[in-house]
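Chemist: Following this message is one structure expressed as C-alpha cells.
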Amino acid sequence: MAGLVLSGCAIKPFSQSLPIPTKRFITNPSNINLLHPKDPIFSPNFHGFSRWAVKVSAPLRIPSIDQQDLDLDLERERISSLDVQEEEIFDAGAPPPFKLADIRAAIPKRCWVKDPWRSMSYVVRDVAIVLGLAAAAAHLNNWLVWPLYWAAQGTMFWALFVLGHDCGHGSFSNNAKLNSVVGHLLHSSILVPYHGWRISHRTHHQNHGHVENDESWHPLTEKTFKSLDWITRTLRFTLPFPMLAYPFYLWNRSPGKSGSHFDPSSDLFVPAEQKDVITSTICWTTMLALLFGLNFVVGPVQMLKLYGIPYLINVMWLDFVTYLHHHGHEDKLPWYRGKEWSYLRGGLTTIDRDYGWINNIHHDIGTHVIHHLFPQIPHYHLIEATEAAKPVLGKYYREPKKSSPIPFHLLGELVRSLKKDHYVSDTGDVLYYQTDDKLSKEK
C-alpha cells in the first residue's frame, strides 16, 4: 500500500513511527489525541483541529468494485466478439448437420394435402382478373390507363405461369390428367410449351445447385465465360437483356447446352416423353395462330397493347424471380459438382425472397427453399411449411429482407449480382461466383 499513497507532488509517505491503530473506527472523541500535531502528516500551523492540512495527496488510482465490474464487462464483450466471429465464419458450403428426412418430419402433415377445388379457385380468380383487365383497358383505350394495364396484366400473366408451374410439379392436384389439361390451358395462353418446360424444370429441381447438370440460371465456368464473344457476354450481364432471356431459353437453352423445348428429339427428353412434347408444341402453335388471327380482328397495334407488352412484362417477371432465387452476391451462395453435390445441399443454395404485395398475387413463389426441396407441397401451404422447417434449417436458411409493398429493393440485389457474379472456376467441387474485373468496370 505504500506505493499507493506516494504523492505525485513529492509528498513523503507515512512515517514509520506512526502507531498502528488497533481499532478500525474511532468512536470516542477523547481518543483523537492519538495523533500528535507535530507528526509529519500535519501542517506545522496546526492549532487544534480547526485548521489543518494533510500533506499526503490522494492516490492516483484506487481499485474499486466499479473497476472490477468494468473489467468483467470488457471480458464479456471480448467473449461476445469471439462468438460473433464464429457466426461470421459460418460455411454455407459445408455439409449440413441434418438430413432431408429431418426437414420433412418437421413439416405438418396438412401441408402435404392437395385440394383441387382450392387450386382451381386460384385459376378462376386469376383468369377473371385477366379478362376483366383486358376488357377495361380496351373499353377505356386511354394512354393514361395503358401503362397501368401493362404492369397489372403482365403481373397476372406471370401469376398464370406460376399456377401452370404447380400443375407441372403435380402440386395442383393428385389427378395427372387434370394437371395436364389445366397446365396446357394456362401455359399455352402465355406461349409456354407446357410439357417441354415441365420436363426441363423437373431436371432443374433434380440437379439444383450443380454447376454442370442444373438446367436454368446455372453458372458459367471460367472457360465457357471466356469463350463467349464480347456481345454475348455483355448482353448476358447487362440490364434489361437478362430479363428478356426466357423466350430464347425455350428455343436454344442456356450457353453451353444444346437443344430446344419444342424439339421432341432434343437431349432434354427421353423417347417416352416425345409424344408429350409434340402435344405441347401443337398447343403452343395453336395459341400463336389464334393471336395472329386476332390481329385481323382488333388490329396489330391493339394486339400489341392488349397482349404483346403484357407478355414482355410477364417474361421480365419470370426471369427476375427465377434469377434472384438462385443468385445473391451478398449471400455467397455455393455451387457444387462431383461428390460434394447432393440433392439436399443443392436445394439449400436457393434463397427465399419477399415481394411485398406481389406475394399473394404470384402465389407465394418467393418461399423457394422449401418449394425446391419438396415441390409436391401446394403453394398455399408453403409459408406454413417454411416456418415449421426453419428450426431444422438453422443458419442454412437465409431470412429474406422484408419488402415494402412493391419490391424495389430487389432491383438492387439484381444489379449487384449481375455486376459481380460472372463465372465459377473450372476446377473444384465447392464453388462460389467470381468477378470479371473488366466486365464489372464497364457496368
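Placement of Cβ uses the backbone N, Cα and C atoms for every residue, glycine included.
According to Swiss-Prot:
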- 165-169: motif 'Histidine box-1' (MOTIF)
- 201-205: motif 'Histidine box-2' (MOTIF)
- 368-372: motif 'Histidine box-3' (MOTIF)
- 1-51: transit peptide (TRANSIT)
- 120-140: transmembrane segment (TRANSMEM)
- 143-163: transmembrane segment (TRANSMEM)
- 281-301: transmembrane segment (TRANSMEM)
- 304-324: transmembrane segment (TRANSMEM)
Chemist: Along the motif 'Histidine box-1' (165-169), what average pLDDT does this model show?
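Modeler: When the pLDDT values over the motif 'Histidine box-1' (165-169) are averaged, the result is 98.
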Chemist: Summarise the motif 'Histidine box-3' (368-372) by DSSP state, stating how many residues are helix, strand and coil.
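Modeler: So the counts come to 5 helix, 0 strand, 0 coil.
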Chemist: Let me spell it out: take the transmembrane segment (281-301), skip the flanking residues so only those 6+ beyond its ends count, and list any with a Cβ under 8 Å from a Cβ in it.
Modeler: 138, 184, 188-189, 191-194, 196, 262, 264, 307
Chemist: When you scan the chain for residues with a C-beta under 8 Å from the transmembrane segment (120-140), skipping those not six or more beyond its ends, what do you find?
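Modeler: Cβ under 8 Å, 6 or more out: 146, 149, 152-153, 156-157, 159-160, 163, 182, 186, 298, 302, 305-306, 363, 380.
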